[in-house]
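As written in Swiss-Prot, here are the features:
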BINDING   Gly335, Pro336, Asn337, Thr338, Gly339, Gly340, Lys341, Thr342  ATP binding site
DOMAIN    711-786  domain 'Smr'
Amino acid sequence: MLERTLRVLEYDKVKEQLLEHTASSLGRDKVKRLMPSTDFEEIVEMQDTTDEAAKVIRLKGHAPLGGIFDIRSNVKRAKIGSMLSPHELLDIASTMYGSRQMKRFIEDIVDNGAQLPILETHVAQIVSLYDLEKKITGCIGDGGEVLDSASDKLRGIRNQIRTAESRIREKLENMTRSSNAQKMLSDAIVTIRNDRYVIPVKQEYRGVYGGIVHDQSASGQTLFIEPQVIVELNNALQEARVKEKQEVERILMMLTEEVAAEADIVLANVEVIANLDFIFAKALYAKRMKATKPIVNNERYMELRQARHPLIDPKVIVPNDIVLGKDFTTIVITGPNTGGKTVTLKTVGICVLMAQSGLHIPVQEESEICVFKNIFADIGDEQSIEQSLSTFSSHMVNIVDILEKADFESLVLFDELGAGTDPQEGAALAISILDEVHNRGARVVATTHYPELKAYGYNRNQVINASVEFDVNTLSPTYKLLIGVPGRSNAFEISKRLGLSERVINRARNHISTDTNKIENMIAKLEESQKNAERDWKEAEELRKQSEKLHRELQRQIIEFNEERDERLLKAQKEGEEKVEAAKKEAEAIIRELRQLRKAQLANVKDHELIEAKSRLEGAAPELVKKQKVKVKNTAPKQQLRPGDEVKVLTFGQKGQLLKKVSDSEWNVQIGILKMKVKESDMEYINTPKQLEKKAVATVKGRDYHVSLELDLRGERFENAMMRVEKYLDDAQLANYPRVSIIHGKGTGALRQGVQDYLKNHRGVKSFRYGDMGEGGLGVTVVELK
């Protein structure tokens, strides 16, 4: 990629945002060296890798990458024999611990069923160095001090030091507490000078204590003297400290040699953890932007759905759909300056650069991107003072370079093409330059304010005009991209809104050719038509989504209902069988007892009486079990099905009406308010409803059958309520009721709305209304039946 392209598209600013999500200098180094790739397979793998990390972030919210350091230089020094400091060794141990934790973290997620093949491959390369890690942390404390436990010798030496220090302090404190000391000492304290314990003695009492003078105060009135009585003790203390230093250095050197022995493994682990830090930084950045993984294709087209510029506040940015490479390979965005054309241009460029860098991009899911070998951008004022080039010349130097290199694998972005010179000549140059790159097969997005290019897309294949919508009421751009609609200046409308008189505006219109006016009016109508079409499409799309959601929910509820019904039937059947089995066992026991009594001649019981008793006991078996054992074969001839027939859908156990045959073996069936495809093999014919023969209808019910004039649903769950409404309306129609009432209460209104939505689609409902004041008001729906 050209450095200039990366600069004008602000690629480095994206990297600066990405840097904020790294956990270590290792990851930061990777980000700083990040560049877009041009290899298709590599880009696909990078996108998949970022997607796996994003999945981990969704599952866990974070990745345990704390405590990771760039220890590469320390490890290399250890290899050549340099002794590492305690803090350097602690950094190595901390990084080894972090690597081990990261490995276990990913493996645990995989063990729980997540599919992370790429991350799993990464962490598989991490080699645990637990023993070395523990050896370092066992010898060095969190503050960087070598611990007494590092060796027995060090513990013994430090015990000697503590004993010597205690004896010295004891002697000196005794001296400072004596009555004579009060007048000879500047202060009754024990202090240290040159690593030796001393007391502050007044100048005039210098000879009282003897010993060695190590320092004096700024005034010279106080001498810091090591009394003669502790000189030997101080000497012993110094010797012990020298031994301590030697032992500490020996321990550090020993640990350094341990690190050197595992240097290659440590460095390999560092490289893996650096990659993981970089990968998870990309995932966290994607989460921050609400970015998604684009589909990468090699068909040389892109489809960015609701694309946003990553560097603009998402609260103010207007997302746009941008398609390039399918029906058209060149987009020319026309219209006035400050209309958001450059933002659209930069959005395309930066999204491509990010995608080819393995970053997710700020677009909706299912967006597609292709791989470009070169991305060229001529954006902004690149005037060179040193070369004394004008704005036009500066742009032209860049355009000449682009024309030398652009080919069918290039994306070319032109901002205000042909600007900075005579408008007529600039427009002519712009058209010629666009023709050149377009004919080479490059993908091109260009912006211009020249009116001559408004018709550019109408007489060339695979070229389309576009514009950025402008609201003349607010005198500001909406930043909404209108594909297929060229831009217009809006100068007259803006001037009118700002108070310019109609007389002046009308005279200005007369100076414009009739053709130009026609074009402007045509563009205005196109803009209005496109806005209306988009609004209608959004409304239709929203209704479609709601319908699909309702359809899925109803299907789920029906399936759950039938599963619950079957489960209860099976449970009841099992309980019945258990009771029957218990009765049979009891019968067998009674029969055995009677036979034993007969053998013992204590009872005169005949065999036929035993058989009769057993038959009576078997006759007590519940009907459910008996019916299950009897399989009745349906020998009725198969009914020829027609639209309008009522059938029973066996899978759901529900009654439905045939709507339309959609294949040799499938029908569209209306089950309540739900429409679905059902196979003929899953239906059972019920009847064909007669057409409008209401007078001849007679309903026969059993003596005890009664249908109430009202149905009370208060306290019912929504699903149960809907099933009760369906059955109640069927029963009310069979009873020839002209009107019924459904009591749903007021509450939150959810049940009321559900009931009325159901009534709208019920074929037996003529009309419905809320109840009057005496009927229950909003808590009741009165239904008129057909």
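Note: Cβ is positioned from N, Cα and C throughout, glycine not excepted.
Overlay of Swiss-Prot feature records on the structure.
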residue	record	Cβ contacts under 8 Å, 6 or more apart
Gly340	ATP binding site	Val318, Val468, Pro477, Tyr479
Lys341	ATP binding site	Ile333, Gly335, Asp415, Thr447, Val468
Thr342	ATP binding site	Ile379, Asp415, Glu416, Thr447
Item to check | Helix, strand or coil at Gly335 (ATP binding site) [DSSP, three-state] | outcome: coil
Checklist outcome for this item: For the domain 'Smr' (711-786), the DSSP residue counts stand at 31 helix, 19 strand, 26 coil
